[in-house]
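Since the structure comes first, as structure tokens, the remarks are kept for the end.
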Amino acid sequence: MRQGAPARGCRWFVVWALLGLTLGVLVASAAPSSPGTPGVAAATQAANGGPATPAPPALGAAPTGDPKPKKNKKPKNPTPPRPAGDNATVAAGHATLREHLRDIKAENTDANFYVCPPPTGATVVQFEQPRRCPTRPEGQNYTEGIAVVFKENIAPYKFKATMYYKDVTVSQVWFGHRYSQFMGIFEDRAPVPFEEVIDKINAKGVCRSTAKYVRNNLETTAFHRDDHETDMELKPANAATRTSRGWHTTDLKYNPSRVEAFHRYGTTVNCIVEEVDARSVYPYDEFVLATGDFVYMSPFYGYREGSHTEHTSYAADRFKQVDGFYARDLTTKARATAPTTRNLLTTPKFTVAWDWVPKRPSVCTMTKWQEVDEMLRSEYGGSFRFSSDAISTTFTTNLTEYPLSRVDLGDCIGKDARDAMDRIFARRYNATHIKVGQPQYYLANGGFLIAYQPLLSNTLAELYVREHLREQSRKPPNPTPPPPGASANASVERIKTTSSIEFARLQFTYNHIQRHVNDMLGRVAIAWCELQNHELTLWNEARKLNPNAIASATVGRRVSARMLGDVMAVSTCVPVAADNVIVQNSMRISSRPGACYSRPLVSFRYEDQGPLVEGQLGENNELRLTRDAIEPCTVGHRRYFTFGGGYVYFEESAYSHQLSRADITTVSTFIDLNITMLEDHEFVPLEVYTRHEIKDSGLLDYTEVQRRNQLHDLRFADIDTVIHADANAAMFAGLGAFFEGMGDLGRAVGKVVMGIVGGVVSAVSGVSSFMSNPFGALAVGLLVLAGLAAAFFAFRYVMRLQSNPMKALYPLTTKELKNPTNPDASGEGEEGGDFDEAKLAEAREMIRYMALVSAMERTEHKAKKKGTSALLSAKVTDMVMRKRRNTNYTQVPNKDGDADEDDL
């Protein structure tokens, strides 16, 4: 009958266990024994290198037929072996055989005994023939080489461009008496004509002050400062960015002259030349400037090398291509040494210029991502797998190569791949390997293009060369050339690359684990199959020695078996409870001196209350119904027999004591399965596109656009200068224009006149400003009040002088004369009665002469101013007057001098 998988799985274990036990018995029997020397246990320990333990002493045997022996105290643990000299002292304290058996049964309650009747041949079995084992999995077709991995180029094409435009600002201002107000500001940008760019800006570094442009289909012209057209010098911008420079013609906005209560207009034309960065992305049909302005024309458009087929959205007269163009640095005025082909395009808002270059090889849709020094290529089914431990990645491709002609704008792939491969080969493989053929290109999943250069070691190369020469000798001399490749007419395409490499890394991990597990399981399957075939031979031989054990291990339960030729007859064994089995304490045959049983005798019952059956203990807890296992008695007899869950020890054919399985050293028959554990592998960070590449992939750099727009006023305008409204500006402008028209003499006179007028205006303006100040008005008011007070007192003094000159001129003298306490005055008055007429006349004469002296001094002073003749006349008059004064005037003695001095 067929057996299940668990039974077949335990066969090899049982066979090796039997062989191990047989080896142990042979070693024990071959070891020399003497009285007092241990038996099997000693042999086992000696074989293991340990010290020999003395055998325990023989115990007194209990009566054979007594099923219920006298109960003594039960020890908790098995009694350890004791020296032979202590047998007489410890014999009384040992437990009987049945008590020890009960202890064994209590410790191993799951140990059962079996009664196996002899097979009759009703059921026969045979062993399976050896199986054919699977072959060892062969390795894949691995090829080592160098690889360069390309990814989609998401970076835009960048180039330098120059913008030419004129900022036109028209401001409307209303001027009041004390303030001005903007009523409107119109701002626009006008392109610079081609002729002005070439003949004025690039040739001389100047720009016209007018801007002529079209708005609403009407051509209009703006004049800077509302004046005639002139050439204005271009000067560098105030603040330059990191990536561009700029030049312009004016800093300040022009405001109209002040005329109160009128609306005035002023025009400013600022010519600006600005270097900017330009960007264009695939398919390069347009480009955008750093200012945010779009140009709907391919940067590769032109009239050379078929570039006129590129995209453009402008009319032909708006574009111009100049060959042999020498650019000029507007800061240093230096001219470029090498000519270029210059493209110029005018738009409604600006004119842009850039250097023309051919489209190939200026741009490439693929870019190099990784250079891999060691790349293994293996074939799995219908695909190639490229694996590299350096980047922990596996790429899956088709078996066919990918033609580079299908890659749109892929001229850089072959050159970059060859350069990188040559550099790696020269550095690492030049002395050990050779290149096999030309680089091969494969398109991997995810949009990665792999350039692969197979390598071959020098040793293998010699073998392949010899084989190749043999193959070439067998080929026909003129082979048919292959048909032209279909890729010549294949349509081009752009390869799209994913932004994540995680799928390739997962593929690498899966391949790594799959390769390891498959190899390990393959080795296990082969070893298992070969082991089963080897064990089958042992099973066939072992069944002849012990068919019961072989049959039980094969069937999976306890059976009895015997060989019937080449087949084995089996019968089922009957289980017997451990409590119903009793072992006898002696193995000697009383009726036959010198003969002993080779196995212990037992008594058992099939059921608890059944009759007692006599038998013999077989191997592996088998209860034999016969007692025919006999052998001659020997001196130094020591045996261990399996009994339930432990062992019973017989010495000199008599029971000694019991042992548990843990007391016996175990010799393992298992074969260790050598399985290589999965090695550790660390993943390195890997990015397809860096943060900078993703940020730079767009057509517009919004950060740069915002920066430039916010810096525009700072670069091309003076934001710190403040122009105040001036009411006299119109008058000065008119005077200046009047004198300018009179030539050089008029300009000289105009400067003098305008200087005088400016001084007067400044003085008046200063006074007006001082009066408009609150503190100034207060000071003027105080000065006016002080002046009025001074005028009042002066007027009063003059009136007093006219009414009473003496009192006004000599107030103290007059006061003394009127004082009645003066004795001189009172006495003289009383004596004379009135004033002295002579003195009064003299006083009048003195006053008259004083007036005459004053008149003479004035005459002399005027004569000095007029000249010599007047001075002589004044001298003559003075002499005449002196002559008269000497004749008529006589000095009056001063009689009252002392009195006057006392009064004073």
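A Cβ is built for glycine as well, from the same backbone N, Cα and C atoms used for every other residue.
Computed from a predicted structure; not experimentally measured.
Among the ranges 729-732, 849-852, the one that Swiss-Prot lists as motif 'Golgi targeting' is 849-852. Per Swiss-Prot, the range carrying the annotation region 'Involved in fusion and/or binding to host membrane' out of 258-265, 314-321, 402-409 is 258-265. The record in Swiss-Prot pairs C116 in a disulfide bond with C573, which is drawn from C573, C596, C633. In this view, the densest Cβ surroundings among the glycosylation sites N398, N430 belong to N398, judged by other Cβ atoms lying within 10 Å. Note: the motif 'Golgi targeting' (849-852) comprises 4 helix, 0 strand, 0 coil (DSSP; helix = H, G, I, strand = E, B).
In this structure, the CA atom of N398 (N-linked glycosylation site) is 30 Å away from the CA atom of N430 (N-linked glycosylation site).
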